[in-house]
């Protein structure tokens, strides 16, 4: 077959002056597969172009890149109502990705649907269940042994229903997606909040709950509230110690943890070209920490280089032909615009306890002294889905190499997490891994590990005040090691490496000196490393399982006595009545993430067993009544006890309950267990000042009522000992508030209004008891 460019030239001559887009015609002749693993699933830029043109004609204005990709995947572009921040869009994603902790519940729900095969390309990635304890291979062997039942379930379910399966040790889902599945213009949903990582390759990649994934795998259009678009214009260029991570650390400081809610963050401007493709992925990945729906960069030559180096030059060539649809239109409108001069940007470090508390590295030491944060760094950790690229490892190794040249090793413990088997094998071949070991590092398994709390930490006791510095994305209280007194900071991997060598937050590598083994002072030079290996990537071990062509004989077994897996029972339908005298299970004080609602770490092993995982319901949330975690008053016995035990007591005695929350309730992970658990234990509504996007959708999917105070000050009117009645459900309608009657123990009452974001389809989920119940109703 002729080279792609030659085919284009011939078609141009053949078409002459006829008004066709050359690539649209070429798509008929030179189909390009979405990935090497699915040779019969093709990229449909022709359909993307057609849909964009329909929408452009309707809206009659320039489009942002986000709009092009999102609207280009509309189920009905000719008739879909489109209004940013208001209407719900019905979309057709190109593919689904699931990590092993969330895939269990997603596949259990898909099995319940009764469908024979997934309708779109889908994959499962084993990365969340591997605990960091001793180091790479030993931890991997241990995980395979402990989680054999779950891995077998996921592998056989994947084989049965046509889902690709990436075995334990293959790497972190988002790195695997970037290496194999993401491409410019793709619409991908993943059951992990850091799915936006794929925006570094020009795709719209969105984190969702498992129920959303089930809809898409079932071939049902996926609903998303039409996102607003926040533009971040980048000028200047990165240099020295400043890295791509500093861009998102700066943006997080500007927008805060909820500033991106309901919006796509779209980076653009001349500064983009100074950032590598994997650097763009880092920025998009951590956009989850500002609540953004996703983040995206425009297609450019850095993405083309990455596609070519990862064996996908054919996709890059096709993207070149359709580039007009993979970049924003000139003059497009952003709902908010932020400008950052990369030439003036300084290295940042954010934390502790929240990823939006931003400090220049030069200032964090003095701030820590003032605030009483521990200055000594106990552990430095690099890697994770945010920062585990070849370039990241190379820049960290460049710092480590300088220390070694002066006879130094890390003063702090130091761990390295490769993002994938391909990255691990390549950094071993090119010597980076050995340099990082020589400086005192331990190379962990290709998995999430300490970033999600899978860390058997031995150097401290629970409650001991200490500081760790990571290149991760999230630093909520107790997230990494379950110790609420661990002060976790996030920064770039090269800054982590420098700080681990110095051992203190007071060290600024841009200005400060270290003392070598010979007693002489020296300063670390800004690291420099290749963004991609000069030779080809080393793929390492084969860790992929293709689904068989014929799966008719494939069995998927779930033992009724299993403590790890449990088939799902349908939730009860709405009984047609208002919710009377709801007991308040807990009134939450302050930040309440999905980690607080459904903890990870040791609880990950129960992610496929709803009843067992429900024993962690809200154990991290702070009760406003007593200022304690996992201690609430039982309204019947008047005794204080654990939240899950109290919820089970209420369920056993037929007492329906509600949770009262604060701002941005449910921020963080996409885990739908944080919605399944309250539903399973008898919850009916969650009332807050505001919700994080994914969690709000997950609650709706499970038949719960996520409601917000029409007046946020009404949060203060409710006391943990009150009872609530929610009225107006018989006339439940989009945009129409519900009424809440607060009944105080002294007999007095107050009436407040509660808002919601339900549309007609979502109201049907509530009436049916869940989105899955509604799907089954529609199949009859």
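Just so you know, glycine gets a Cβ as well, placed from its N, Cα and C.
What you see is a predicted model, and the numbers here were worked out from it, not measured in a lab.
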Correct range for region 'Disordered' (source Swiss-Prot, candidates 524-560, 561-597, 598-634): 524-560
Recorded substrate site member, picked from 99, 109, 749, 762, that accompanies 192, 193, 194, 474, 479, 607, 670, 671 in Swiss-Prot: 99
Listed co-binder of [4Fe-4S] cluster (same site as 448, 451, source Swiss-Prot) among 385, 410: 385
Most Cβ neighbours inside 10 Å, all chains, among the recorded positions 144, 474, 671, 723: 671
Sparsest Cβ surroundings (other CB atoms within 10 Å) among the recorded positions 99, 559, 670: 559
Rounded distance in angstrom between the Cα atoms of residue 50 (N6-succinyllysine) and residue 99 (substrate binding site): 33
Beyond the site residues 385, 448, 451: chain residues whose C-beta lies within 8 Å of the centroid, for [4Fe-4S] cluster: 127, 172, 194, 383, 384, 386, 417, 447, 449, 452, 472, 473
Cα-nearest neighbour of residue 233 (N6-succinyllysine) within the listed modified residues, 144, 517, 549, 573, 670: 670
Surrounding CB atoms that lie within 10 Å of the CB of residue 628 (N6-succinyllysine), all protein chains: 12
Length of the line joining the Cα atoms of residue 99 (substrate binding site) and residue 448 ([4Fe-4S] cluster binding site), in Å: 10
